[in-house]
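S.K.: What follows is a structure written as structure tokens; I'll ask about it next.
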Amino acid sequence: MSAASGNATPTRYPRHPAPSLGQSVRLVATREIVARLRSKAFLISTGILLLVSIGSVVAGGIASQNQTLPKVAVVGSAAAQIVRQAGTLTAVEADDVAAAESLVRAGTVTAAIVPAESQAGYPLPVRVIALSGTPLEVVGVLSLRPEVTLLEPSKQGEGLVYLVAIGFGLVFFMSAITFGSTIAQSVVEEKQTRVVEILMTTIPVRALLAGKVVGNSVMAFGQIVAIGLLVSIGMAVTGQHVLLGDIGPALVWFAVFFAFGFVMLASLFAATASMVSRQEDVGSATSPVLVLVMIPYFLVILFNDNPTVLAIMSYIPFSAPVGMPMRIFLGTAAWWEPLLSLAILLASTALVILIGSRIYANSLLRMGARVTFREALQG
Amino acid sequence: MLSIEHVDKRFGTRQVLTDVSFDIADGRLTGFVGANGAGKTTAMRIILGVLSSDSGVVRLDGVPLTADDRRRFGYMPEERGLYPKMKIGEQLVYLARLHGLPPASARRNTAELLERLGLGERSGDLVESLSLGNQQRAQIAAALVHDPEFLVLDEPFSGLDPLAVEVVMGVLGSYAARGVPVLFSSHQLDIVERLCDDLVIIAGGEIRANGPRDELRERHSSPRFEIRTGDDVGWVRTVPGIDVLEVNGGFAVFEAQTDAASQHVLRLALERGPVSAFSQQRPSLATIFKEVVQ
């Protein structure tokens, strides 16, 4: 019938041995990664994210180097001497009180320090003139300061804590959303284009799911590591060594927690996305997972100074990738706490993968209307 | 040989397949024919293991099919689909590798198949940039790229232009010639009639007829004959055991009560002069299909 005819009976042993589960997973994961690397949208958004993180480090470095002391106008030698002794104010000489007042009105200086009109009731021979409110940074310098004993001294400055909280929260949030929706879209693409039926007859469904999760997790983790490296290098270059030493251990833990936390989220994204058949429905299907991602982001921004909330966050699997590194940074976590939290995270990741792959396998061939959770779980 | 044995399947309260049994023999093209919703796709999905049956079993040479066996199948689902934003060549290599082919064989098979299906030039094009007909060819390539040892194709000819139909018929034939069992469904009964060796007719989830094509034809043949001679054949009316349906000069259509009666007519005609045609009317597949399904 054709030139291709050969032996008349087919060989009943496989001509090509079936690939192992690991090989299948690797093939699927590689395809996911290559598809992502070829997507312009992905390259552009990654570029922006990297630029923003390096930019914020550089901006922080510049700001810390050019910190300017508040300027005050001084009139008379007593005022000039006080300002010189304080060392945290920059003196601007003014000829008389009227000239000093006009400097204050013009906004050239924060306040003016002029000779007091009468000594009565005040220990200092000077008077402070300001525009509309008491200038605390100036008055603070002039005030008498009693000895202060801190019972629980904060390890990190408040502003820095806030910045680090936003940093962890934002990076986790952005990466989880970016790669979570990528994996969701990739699941629905296969379902919508029906290529999934060929894939299902070729490799086990769990290999397909695992390959997608692994591929996207590798990309997300790679992005996190790239950001971490850029930030570290940026800090070293801009001379913020002290900060790097403080934040280093927290960064490492963040990477570890993120790796496992993302696998869990990716499985959830894949499972929920598999329940719909069209790209238009991905958003509504995956919105419960998005909420799970957003909650830790808002919690860490609102409650980064609340030890109780942070402690709870650091043990809940969804918020642990943000909560635990935060506590490590603040120095409020005992050495065993990240390990315990990691164990909880690993156990929940395993559970989520089990349930997720069941939903995924049961939903893949159901086209059309959205699959309900009950159908997806029962099969 | 692939044997489907007593397969039942219901979706909710709807019985889709009832006690479905048939064989797909090595080296034979088995046509799977049925109306929309008759259960063809469900049966094929059960053979491929995409769906599980409620009862019954699919055996390969007497042994229940395993997932590893199924990996050696070539399957073309009714719902077509490939990655739209992937190059066609890369996509075929990917699928071949998922089936376990080493990279070099995967690339070689892809190049050969695309050439054979007339897509050699398009290997580097994205699937979404292909015309529908070419996407269909790519889909067939996807089912064949891993040197399958069994072929199950759901409507492989739908959406193909006549030229492509010929190409695909040739390809399927060459697989069967190699000893591969081939099962394909089609609405185009004329194609099935030309191509298939065996036939399975399904209606309402039940197998209505099943066997070698020629045997089925034989079975559904009516005792109806045609004869064409040089002279008027009006005399046929007088032959005992013969009911004449139509006479038109030298041409007549008649039904014979026995084989002997029809042979008697032929002998009488030859005595009177030359006979240019004498044949039993064979029913077309379409006729058999209608008869069986009703």
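Glycine too: its Cβ is placed from the backbone N, Cα and C atoms.
From a predicted model like this one, the values you see are computed outputs, not experimental measurements.
Copying in the features that TrEMBL gives for the protein in this structure:
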- A:1-10: compositional bias 'Polar residues' (COMPBIAS)
- A:149-356: domain 'ABC-2 type transporter transmembrane' (DOMAIN)
- A:1-20: region 'Disordered' (REGION)
- A:41-63: transmembrane segment (TRANSMEM)
- A:160-183: transmembrane segment (TRANSMEM)
- A:220-238: transmembrane segment (TRANSMEM)
- A:250-273: transmembrane segment (TRANSMEM)
- A:285-303: transmembrane segment (TRANSMEM)
- A:315-336: transmembrane segment (TRANSMEM)
- A:342-361: transmembrane segment (TRANSMEM)
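So that I understand the layout, could you describe where these features sit and how close they are to other parts?
M.R.: Taking Cβ pairs closer than 8 Å, the transmembrane segment (A:160-183) reaches residues 36, 42, 45, 49, 53, 60, 154, 212-213, 216-217, 219-220, 223-224, 227, 243, 247, 250, 254, 258, 261-262, 265-266, 269-270, 273, 282, 286, 289-290, 293-294, 296-298, 300-301, 304-305, 321-322, 325-326, 329-330 in its own chain, all 6 or more past its ends.
Outside the transmembrane segment (A:220-238), and at least 6 residues removed from its termini, the chain residues within Cβ reach (under 8 Å) are 46, 49-50, 53-54, 57-58, 60-62, 65, 171, 175-176, 178-179, 244, 248, 251, 254-255, 258-259, 262, 266.
Long-range neighbours of the transmembrane segment (A:250-273) within the same chain, counting only residues 6 or more positions beyond its ends whose Cβ lies under 8 Å from a Cβ of the stretch, are 164, 168, 171-172, 175-176, 179-181, 183-185, 187-188, 209, 212-213, 216-217, 220-221, 224-225, 228, 231-232, 282, 285-286, 288-289, 292-293, 317-318, 320-322, 324-326, 328-329, 338, 341-342, 345-346, 348-349, 352-353, 355-357, 359-360, 363, 376.
Nonlocal intrachain contacts for the transmembrane segment (A:285-303), taken as residues 6+ away from its ends with a CB within less than 8 angstroms of a stretch CB, comprise 165-166, 168-170, 172-173, 176-177, 180-181, 184, 265, 268-269, 272-273, 275-276, 309-310, 313, 318-319, 321-323, 326, 370.
Counting residues 6+ beyond its ends, the transmembrane segment (A:315-336) has Cβ neighbours under 8 Å at 155-156, 161, 164-165, 168-169, 172, 246-247, 249-251, 253-254, 257-258, 261-262, 264-265, 292-293, 295-297, 299-300, 304, 307, 342, 344-345, 348-349 in the same chain.
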S.K.: Counting only residues 6 or more past its boundaries, what in the same chain has a CB within less than 8 Å of a CB in the transmembrane segment (A:41-63)?
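M.R.: Contacts of the transmembrane segment (A:41-63) (Cβ under 8 Å, skipping residues fewer than 6 from its ends): 163, 171, 174, 178, 182, 223, 226-227, 230-231, 234-235, 237-240.
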